[in-house]
Amino acid sequence: MMQIDWRLYAVLDTATLGSRDPLAMTAALLAGGIGVLQLRAKNLSVRQTAQLAQAILPLTKIAQIPLIINDDLGLALAVGADGVHLGVDDLPLDLARASFKGLIGYSPEGVADAQRAEKLGVDYLGVGPFAATTTKLDAGAPLGQAGLRAIVEAVDCPVVAIGGIAQHNVAEVRACGVAGIVVVSALLNATNPTQACREFLAHYKE
């Protein structure tokens with residue numbers, strides 16, 4: 001399995017992207033140094049999402065980073081993606097692990113759920129929202145440092161923080177012991193996404 005740099009995990013959210021070219025955005029994010037790319041395409045059909053994933057995969061393969069499909073294990077298997085990210089309402093984790101050898105990420109609802117997911121074999125946890133976010137309207141109440149740290153300390157697998165993360169609070173997030181940060185709108189809506197990636201990574205290293 002490839003070595004994964006979790007520090008900057010980008011989500012290519014097609015709803016946030018709007019009419020902009022997803023392949024051009026992917027190239028810009030890769031040029032900026034992201035370590036993981038998730039494709040989240042809730043506003044597209046399965047066919048459209050599959051076609052987009054197939055177009056993105058050669059780019060992520062060249063960059064040697066994983067492409068993770070949001071929610072849909074069947075689609076991840078069909079296109080040969082490196083991973084899938086699941087939530088509490090998606091396919092049960094034990095079934096996912098039994099049928100998929102790639103990366104499985106999970107968004108837990110609290111410490112006990114995070115520990116349960118780790119026992120079922122997930123590879124990483126996406127925990128949030130850290131702060132208030134408008135990207136995912138059903139994200140729930142912000143965890144803040146205390147809530148995030150509680151989950152990080154309760155598991156051994158990598159934890160990436162998501163939700164309301166901007167350059168000004170990267171240090172707060174990193175102080176919780178996370179493996180990395182997940183950024184959506186602050187990258188996709190940046191004037192220069194490549195530069196925005198580099199700035200996030202610079203803040204993460206500070």
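Using the three backbone atoms N, Cα and C, a Cβ is placed for every residue, glycine included.
Here the structure is a predicted model, which means the values were calculated and not measured.
Secondary structure from DSSP puts Gln38 (4-amino-2-methyl-5-(diphosphooxymethyl)pyrimidine binding site) in a beta strand. Within the same chain, residues at least six positions away from Gln38 (4-amino-2-methyl-5-(diphosphooxymethyl)pyrimidine binding site) with a Cβ under 8 Å of its Cβ are Tyr9, Ala10, Val11, Leu12, Leu67, Ile68, Ile69, Asn70, His85, Val182. Positions annotated as 4-amino-2-methyl-5-(diphosphooxymethyl)pyrimidine binding site by Swiss-Prot, on the basis of sequence analysis: Gln38, Leu39, Arg40, Ala41, Lys42, Asn70, Ser107, Lys136.
Counting every protein chain shown, the Cβ of Asp90 (Mg(2+) binding site) has 16 other Cβ atoms within 10 Å. Secondary structure from DSSP puts Asp90 (Mg(2+) binding site) in coil. As annotated by Swiss-Prot, Mg(2+) binding site applies to Asp71, Asp90.
A straight line from the CA of Asp90 (Mg(2+) binding site) to the CA of Arg40 (4-amino-2-methyl-5-(diphosphooxymethyl)pyrimidine binding site) spans 14 Å. Taking the Cβ of Arg40 (4-amino-2-methyl-5-(diphosphooxymethyl)pyrimidine binding site) as centre and 10 Å as the limit, one finds 22 other Cβ atoms among all the protein chains shown. Asp71 (Mg(2+) binding site) and Ala41 (4-amino-2-methyl-5-(diphosphooxymethyl)pyrimidine binding site) have their C-alpha atoms 10 Å apart, to the nearest angstrom.
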